[in-house]
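Only one structure is covered here, and it is reproduced in the block below.
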Amino acid sequence: MECKVETPFSFSLEDDTGAVIVQTAPGKVVTHRGGTITLPCRYHHEPEDVDPKRIRIKWTKVSDAFQFEDVFVALGRQQKAFGSYRGRVSLERAGPGDASVIIHNITLQDYGRYECEVTNDMEDDTGFVNLDLEGVVFPYYPPSGRYKLNYHQAEEVCRQQDAILASHAQLHKAWLEGLDWCNAGWLEDGSVQYPISHPRDQCGHKDSPPGVRNYGYRHKDDERYDAFCFTSNLNGHVYFLKRFKKVNYLEAVKACQRDNAVIAKVGQLYAAWKIQLLDRCEAGWVEDGSIRYPIINPRARCGGPEPGVRNLGFPDKKFRLYGVYCFRRNTYVHLYNFTRLLEMRCQSSLN
């Protein structure tokens, strides 16, 4: 099971009646996309004389904007998962007082804060668990140029590149790991920020300390910036397609298809660089029409002294010729999705 709990369990504060006490991990649990994780939650009663069939367990996802999304509810032996969690969430059932849930096939959207609520008739208590994902943050702007995206467009371009808008915590971690980017971009909470590791005049002020610059919360419809996207494990692999000749964009798409793959998205190339340590000093097409290549071990002929994904921009798709990066999904992921689809159809027919 892919799970790390970064802090030990601790008891949440007891409610006024003391009837239900919930115990959760106050830190965070860590996994990656495609993994399986347990969100830990335990409870007990004072006094211990409660019928287990009367215990209601509810898990809810809570966003930074205090929006609530139902995840899972159980009452006795009756269980129900909601929305995208259907077919992926179940109680751990590790013994009496265990309200932990197991989430399978973790998605990027699962990242965030979860509330565990245990109710006994009119008495209840809650605890919180933070689910973090191992992955990579990358800056993104579309072919139309820099500072062209409102918040909703930034959400969409990240999704198109197999990613989501990054959180402040994810961007801050990326900055600690060396991310330096002089253009401001949207984050998932609606703020606009950018990370500076090497202060210079064109990026604020040369004498300012390094850090994550913050423009605050901006108007989501009217103001335009770049985006900071986050992606995680690939559930597949990215590779540079070896060919005898270079190709234009349309030929690149078809070449990947003939190789039983698809042209790689930007987020997939970043994930391959960060997680699979893909190092290739050859420029190639990716899905959005840009030319990029991933470098783990910098060398003089491969574009600069720092590791990273090099971006050569958006050339003419018809006349410019390059290599291509392809993505092939793992077979077991197709099987899992097919099985889940059958389960959902079966459940729908029973209802």
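Each Cβ is built from the backbone N, Cα and C atoms, and glycine gets one as well.
Per TrEMBL, disulfide bond is recorded for Cys182-Cys203, Cys281-Cys302. Here TrEMBL flags 8-132 as domain 'Ig-like'. Positions annotated as domain 'Link' by TrEMBL: 136-231, 236-328.
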Query raised in the report: What count of other C-beta atoms do you get within 10 angstroms of the C-beta of Cys182 (disulfide bond), across all chains shown?
Result: 14
Query raised in the report: Quick one: Cα separation, Cys281 (disulfide bond) versus Cys203 (disulfide bond), in Å?
Result: 29
Query - Cys203 (disulfide bond) to Cys302 (disulfide bond) - Cα separation in whole Å - result: 25
Query - For the domain 'Ig-like' (8-132), mean pLDDT (0 to 100) - result: 85
Query raised in the report: Taking the Cβ of Cys203 (disulfide bond) as the centre, how many other Cβ atoms fall within a 10 Å radius?
Result: 18
Query raised in the report: To the nearest whole angstrom, what is the C-alpha distance linking Cys302 (disulfide bond) and Cys182 (disulfide bond)?
Result: 22
Report task. Work out, from DSSP, the number of helix, strand and coil residues along the domain 'Link' (236-328). Result -> 22 helix, 26 strand, 45 coil
Query - Neighbour tally for Cys281 (disulfide bond), based on other Cβ positions within 10 Å of its Cβ - result: 15
Query raised in the report: Taking the Cβ of Cys302 (disulfide bond) as centre, how many other Cβ atoms lie within 10 Å?
Result: 17
